[in-house]
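Below: the structure, in structure tokens.
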Amino acid sequence: MSDRLRLMCVHAHPDDESSKGAATMARYVDEGHEVLVVSCTGGERGEVLNPRLKNDVHILRDLVQVRRDEMAAARAVLGVQHTWLGFVDSGLPEGDPPPPLPEGCFALEPLAVTTEALVREIRRFRPHVVTTYDENGGYPHPDHIMCHDVSMAAVVAAGDPQAFPHAGPAWQPLKVYYNQTFSRARIEAFHEALTALGEESPYHEWLENWSRPDRTVTTRVECSAWFERRDAALLAHATQIDPDGTWFRVPRAVQQEVWPTEDFEAALSFVPIAEGEDDLFAGLPTDVAAADALATGGSLTIVHDTRTERTP
Ligand SMILES: [Zn+2]
């Protein structure tokens, strides 16, 4: 495999990068590739989810800065590059009916504005591969759904020299994947492993109420040796994760044995997606200059396209 191919991972909030694809990113960094995390929002409307930090006045006084500091710590653990797209967290509207989204939030920004911001970043970093969320957001938070919409609009626009001409020279990412680590099959495997160990599984209710349809996983990246880094990055987001919660209930050694991969769904690609793919860079030229030439050559044809409408 070639060195220094470039991977961009687009996420909605700081901490999403550490729970979705983090071990894969750490592996690619260690193998000499460049990895950039883009956080669309600053996570301004997040709550303190760690019971040990709930009433910390220092944290409550400036949660926004605390989350910036946490992201910097996670970035250092994973060894990735990081940039803020600069939009404001929409918050998760709760209630029946849900309240309207707050004015000025990411999910209410005009798509042309948010898309241009990401196009600028794509043309600057020049990723060969981009990851984002599926059309349902992977999780029904308005920022996760918008993260998908912006990512898909931007990967197409970035390669079009007519689109956003002031945002830099055209660059076509060659493959786009959706994070699909949170599959029913994986949670079931953990549930069964815990039960077999005679331990209480926290997943019973989650599985009983599972309503999301199964997705097509095209690509499984073996990254079990990086699970420790993934967990350390997640814990760096100290306000956002309960260290005694369900995240850490499955012993790492069990995870490494039962489900040693992080999983992805190829959504759009200009190179073929092979059956049983195990590498996000598979199918690309092994020489970086050749891959760069492909991304700027302007004579590309889509050969894999499973983009679909959002389910209502
Ligand atoms: Zn999020």
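In case you wondered, yes, glycine gets a Cβ from its N, Cα and C as well.
All annotation found in TrEMBL is predicted automatically rather than curated by experts.
DSSP assigns His13 (Zn(2+) binding site) to coil, not to a helix or a strand. According to TrEMBL, the Zn(2+) binding site annotation covers His13, Asp16, His144.
Cβ neighbour count within 10 Å across all protein chains ranks Asp16 highest among the binding-site residues His13, Asp16, His144.
Apart from the site residues His13, Asp16, His144, the chain places the Cβ of His11, Ala12, Asp15, Cys40, Thr41, Tyr133, Tyr139, His141, Asp143, Cys147 no farther than 8 Å from the centroid of the site's Cβ atoms, the recorded Zn(2+) location.
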